[in-house]
Each structure stands twice: as structure tokens, then as C-alpha cells.
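Sequence annotations record features per position, and here TrEMBL assigns domain 'Radical SAM core' to 102-314. Feature annotation from TrEMBL assigns [4Fe-4S] cluster binding site to Cys116, Cys120, Cys123. Residues or ranges marked as N6-(pyridoxal phosphate)lysine in TrEMBL: Lys328.
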Amino acid sequence: MRGLKVSSADWHAELKSAVRDPAQLLTALDLPDSLLPAARAAAKAFPLFAPGGYIGRMTPGRLDDPLLRQVLPLGEELDEVPGFAADAVGDAAATKSAGLIQKYQSRALLITTGACAVHCRYCFRRHFPYSTAPKSVDDWEPALDLIRADDSLDEVLLSGGDPLTLVDTTLAELAERLAAIPHLKRLRIHTRLPIIIPARVTSELLAWLCGTRLTPLVVIHANHAQEIDDNVANSLARLVDAGVPLLNQSVLLRGVNDSTTALVDLSRRLTDLRVMPYYLHQLDRVAGAAHFEVPISRGLQLIAEMRTQLPGYAVPRYVQEIAGEAHKRVLA
Ligand code: SF4
């Protein structure tokens, strides 16, 4: 890896030093400069953002590296493809107040921040109007008031962006305010940080996550076994050892994990680490991500092949989110 700091015990430092310039990414991975104009053009619409430790898990010289494919801006992102839209999953229609989304009965989702530890090129929220989301704990109060007033809710999800890009003092304060709402039972965190910057799993994080009366759950997001090196494995073990149930969601992505081998290897790696494969998502049809789409017929075939190789608990549910539906559609 040329000119890159590839690991750090300090997650803030790793976030701060993340690669934002496509030229730096191409140089670090010995990839040709000819890719640069398209990468720069696509990064104007959705910037490149990839920490050195994640880039360090990529294979230099391989444009088909499954991790690189998830972060390298490509010219195809600028193609307008019918059926692919800015708000692919109906977030706007389900927004109850700034930063509060409710699509399903009994749980609601807080957009805690617009920041992420990595910019996934296929992200369903790549066009989300994060500038309208709350910026501080006090800004969350209108959303918290709605949660307080609705005793049909028993679970709150912290999402984003990635909630774990916020500092632990802020998250601890938010967790306390949620725990003070009597009808809430569970606090669920959706995060890719333990995969991207495993040093994010700090003692302070475990303290607030496990330190309220709410039952914690963490849903991580890994798409390929190559993302899970020893540092990631150790951080996942810290969460499980602290008593936090860990689930994984993946997105089915062309050129990343659309093979039986890739999906089986990922499920085996996860289950060995005590992480339950939860969802395999059909790609949300967000503008700029059409080149990642895998036909549902192929996804069904892949799940059928996984069933022949894995125990039932290691096969994720293959789901699709359709805006306005009462739950995710289970495809297999
Ligand atoms: S970490 Fe999640 S929210 Fe952030 S860019 Fe990736 S998919 Fe989107």
C-alpha cells in the first residue's frame, strides 16, 4: 500500500485520515491513472471516502477487488437508468419529524448523523437530505417527543449515516434519554463501523451500549469475507463477549458477492465469529447504483445453492424493501 497509513488504534485519527482523493486511492493500489477522470466525475456527485485500514484489505492491482468495487467511484454512476431514483425506499414519505423515520409497526428509526466511515457507492441513502437531520442531542428532542408520545413503539434504531461516527459521550446521552422512555425495550444500532474501522469498538462504546435498561442489538454490514480480517474479528468478539447480539446484513452486489462461493464464505466467517447472517438485501434502486444490480432470479438461485452448503441458521433471509409496504418482502 503506497503512502497509506493502514491501521490505527485511534478510530478518530483513522476517520480523519481517510482517503478522499481518487488519485490517492489509485496510487495506493497500483491502478492506472486512466481511471481518474471518471472517478473524479462520479466523486463530485457522491464523494469518495475510504479509511486506510479498509483499503489495506484490498489487493493491489486488482480492479475487480470486491472491497475496491464498493468504494471506487465509476463513470456508470452518472448514467440515468429508468427505475432508479433518488429516494429508492420511500424515506421522505415515512419521515415523521426531522431525523425520525417510521416505516413499520412498533419500531422507529433515528437518523443520528449524515456521516459514515466509508462511502459505499451503492448506498440507498446516497442522496438523502442529511442537512435536515438533527445536529446535536438537543436537536433530537422533537423526535424524542414523538417517540415518548407513542407507546406502540418498543424499539428504536439508531441509523444514519452511521451512528458510531458520533462520539461516545453524545451516544451515551442519547441512549440515556431513550432508556428513560418507559415503553421502549430495545435499542438497535445499524453500523458498518466495526467492519470499516474495528478500533471503533471501544470500552466507552460497550459501556453505554450495555449500560442502560434497554436490550442492545447491533446490526453490522459486511458484504464479503475479505472485509473481516483479524482486527475486525477481535472487535466483533468484544461486542459478543459483552453480551450484545450481533446480526449482519449484506447487499447483493454485482461484481462483489454475486457468487455462491462469496456468499457461503461470508456466512461461514460470520457464524464462526458468532454473528448471525440476517438479511441479504436485493439492491435498492437508487440513482447511481444500477451497475450493481443482480436480477432477483439470480439471487434466488444463489440462496438455493447456499442452502445446499450451509446449515439453515447460516442462510440469510433474501429480502427486498418496497416503499410503502408493511414489512420487507421476503424473497427467499
Ligand atoms: S455505511 Fe451504510 S449508510 Fe454509510 S454509505 Fe455505506 S451503506 Fe450508506
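Just so you know, glycine gets a Cβ as well, placed from its N, Cα and C.
Note that TrEMBL annotation is computational and uncurated.
All features noted in TrEMBL, drawn onto the structure.
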residue : record                         : contacts (Cβ under 8 Å, 6+ apart)
Cys116  : [4Fe-4S] cluster binding site  : Phe49, Cys123, Gly160, Gly161, Asp162, Thr165, Arg192
Cys120  : [4Fe-4S] cluster binding site  : Gln70, Val71, Arg192
Lys328  : N6-(pyridoxal phosphate)lysine : Tyr279, Val319, Gln320, Glu321
Taking the centroid of the Cβ atoms of Cys116, Cys120, Cys123 ([4Fe-4S] cluster site), which other same-chain residues have Cβ within 8 Å of it? Val118, His119, Arg121, Tyr122, Arg125, Arg126, Arg192
Across every protein chain in view, the count of C-beta atoms other than its own within 10 A of the C-beta of Cys123 ([4Fe-4S] cluster binding site) is 21
Mind running the recorded positions Cys116, Cys120, Cys123, Lys328 against ligand 1 and keeping the ones whose CB falls under 6 Å of it? Cys116, Cys120, Cys123
